[in-house]
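Presented below is the structure to which this report refers.
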Amino acid sequence: MASEAPGAAFVALGLAAPLVRALVKEGYERPTPIQSQSIPEALSGRDLLGCAQTGTGKTASFVLPILQRLSKTQRHGGIRALVLTPTRELAAQIGERVTAYGRHLGLRHTVIYGGVGQRPQEENLAKGPDLLVATPGRLLDLMQQGFVRLDRVEVFVLDEADRMLDMGFIHDVRRVVAALPKQRQTLFFSATMPREIAALADNILVDPARVSVTPARAAADTVEQSIFFVEKADKRALLEQLLRTSSVERALVFTRTKHGANRISEQLVRVGIEALAIHGNKSQGARERALDRFRRGVTPVLVATDIAARGIDVEGVSHVINYDLPNVPESYVHRIGRTGRAGATGSAISFCDSEERALLADIEKLLRRRIPVAEGQAPPVETAAARPAARPEPRPAARPEPRRAFAPEPQRPRGPRPPRPPRGRRS
Ligand code: AMP
C-alpha cells in the first residue's frame, strides 16, 4: 500500500509511537512474519513459544514488546527484563538492537558475557539497568558474586534454546530460571525443538501462544541451495574457483573444525583471496575484529565453525559455502540462514565428498527435499542409484557437455576433477 504512513504496519501491531519512530529510522517498512505473529501476543502479556531461526527478525519480536512494557511500568532500580542468549556475538547484537529500537525511550540496558574482563560489567550493573542481556556462564558468575539479582524480573527471554543445549548450557539455564520470580512473562525461542527443549519449554512456560515461522526443516525460501559432489582433495581448488566468481560479494565458509577454519583461511590468503577465520579459540578481540572487517567488506571471506558463526548478523552475505557438511543436520539450516536475510536473496553451496554422503542424506531428510546438484555437474552415479524415486537416472550418453558453473581460476586452468567412482561406502 503506497499511501500507508511509514510505520503504519507496526502501529497496527500495537507498538507505541517512540518504538515505531525508531523502526522507521532503521528503514523497516513492515514486520516480518515472526514479528506479526509474536508482537501482539507478547504485548498482551502472554507467554510465548517461538520457533524461528536467526535471520527471521526474531530479535525485534521480543525486544520491542519488552521495551514497550518497560516504558510503561515503574522503574525500581532492579533488573526488570532478562534476555538469556548462548553466545557473546548474539548478546552483543541483541544489545545493539535494544539501543536502536529503544533510542527514544530512555531505558537502561547492559550486556554481559564471558571472555572479557568482568570489571566494566560490574560497573554497568551498578548503574541499575532495566534490561539485562546475558550469556549464562557469566551471568551465573556475577550472580554468585552478588552483582546481579533476578528477583524482580518481570519478563524473561530464552533465546536460541536449542543452541544452549548443543553448547552444554542447559544446566546453567535451569539454574538461572530457578533464580527468577515465578510470576513473570516468559518468551522462549528456539529454531528447532528437540525433546529436551520441548520438555524445558513445557516446564517454564504457562499456557504459551505458539508461533512458528521456519520449522526446522524449512530453509529460507530466499536461499538458493546447491551441492557439489567433490572429493576431499579437490575441495580447496573448487572453493578458490567459486570465490573468484564475480557474483561472490561476501562469503561465509563453514568448516567442521577450528583447525580446518585456520588452514583454509591461510590457504586462501596465500592465493591472494582476503580471508579470516573465526572460531572459539580466537580471543574475543580477534573475533570482533574479524567480524568488523567482514561487515565492512574489507575482508570478503570469513571462514567459521558452527558455534563461532552462531549469531553472526551481517547483511549482504551473498554466499554461504559449506566446505564440510555439518554433523548435525539442523546446523545446515542455521548455516544457510546466514545468507538471504530479511528478504535478500542468497546462495548456499555445499561440498559433499564420498565420506559425507550419509550427512547429506540426513540433511535432505530434515529438509524433506533434495538439494539440487550444482549446475554443470552431474550427480555421482551411486547417489543417483541410491535415490531412485526423485532423481532420474543420469543419462551420460545423452547429456550435453557439462557447462562450467564458474570461471576457471587463472593459475589452474582445469576445473574440479569429476567425482571419482564410489569407494564402496554409502550410507
Ligand atoms: P534477526 O533474525 O533478529 O537476527 O534479524 C535479522 C535481520 O533482519 C537484522 O539485520 C534486523 O535488523 C533485520 N530486521 C528485523 N526486522 C526487520 C524488518 N521488519 N524489516 C527489515 N529488516 C528487519
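Placement of Cβ uses the backbone N, Cα and C atoms for every residue, glycine included.
Among the residue ranges 8-36, 298-326, the one that TrEMBL annotates as motif 'Q motif' is 8-36.
For the motif 'Q motif' (8-36), same-chain residues at least 6 beyond its ends with a Cβ under 8 Å from one of its own Cβ atoms are 43, 50, 52, 56-58, 60-61, 64, 67-68, 71, 100-105, 211, 213, 342. Secondary structure by DSSP for the motif 'Q motif' (8-36): 17 helix, 0 strand, 12 coil.
Mean pLDDT of the predicted structure over the domain 'DEAD-box RNA helicase Q' (8-36): 93.
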